[in-house]
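Novice: Input: one structure, supplied below.
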Amino acid sequence: MKVAIYPGSFDPITNGHLDIIHRASKVFDKVIVSILVNPEKKGLFSIDKRVELIKKVTKDCENVEVDSFQGLLVNFMNKKESKVIIKGLRTVSDFEYEFKMALMNNKLDSSIETVFMMANAKYSYVSSSSVKEVAMFGGSIEGLVPKEIIPDIKKQVSNK
Ligand code: ADP
């Protein structure tokens, strides 16, 4: 079974992420959306809430799972018996960063491949941080994130 890991912060999940998840789930038998826990970075949402939001918007995707991990991605992948990392590419700057990460992960475990998917043109400008910024200043985030999580984002930014 071909299991792919889609790692990221997902704080919160956006339509750009969801597009990559849908496309990857057609290519691989199983996709595990994996939230990187960074104890030094306090996000907008707790890890548990991020898991909940991703589960909510992927509930119809049978072969998509959601999990979180701390430490090296390659160690988590061994645990999950996965050899493939999925990454989305929006811009040249994404490429530069991801290229280095892919080489490092391959150095740590040469059996691991990183598969890049080009961002959907509709969402290539969307990032979690820009969504948070727009929401924080009262702008509309419709079309940028799944509809069903808009109330959660509005509520969370108003509590900050
Ligand atoms: P962000 O950069 O929005 O904070 P993450 O760090 O959670 O997002 O990103 C996780 C993965 O998803 C990375 O591979 C990133 O390149 C990809 N990604 C993020 N936003 C998009 C998008 N709009 N379209 C395609 N891929 C994306």
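Cβ atoms here come from the backbone N, Cα and C positions, even for glycine.
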Novice: Pick from His17, His22: which one does TrEMBL list with Ser9, Phe10, Gly88, Leu89, Arg90, Glu98, Tyr123, Ser124, Tyr125, Val126, Ser127, Ser128, Ser129 for the same ATP site?
Specialist: His17
Novice: What counts of helix, strand and coil residues does DSSP assign across the domain 'Cytidyltransferase-like' (5-133)?
Specialist: 58 helix, 29 strand, 42 coil
Novice: Give me the long-range Cβ neighbours of Ser128 (ATP binding site): same chain, 6+ apart, Cβ under 8 Å, in sequence order.
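Specialist: Ser9, Phe10, Asp11, Pro12, Ile13, Thr14 - these are the non-local Cβ neighbours of Ser128 (ATP binding site), listed in sequence order.
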Novice: Where ligand 1 binds, which of the binding-site residues Leu73, Val126, Ser128 are close by, with Cβ under 6 Å?
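Specialist: Among Leu73, Val126, Ser128, near ligand 1: Val126, Ser128.
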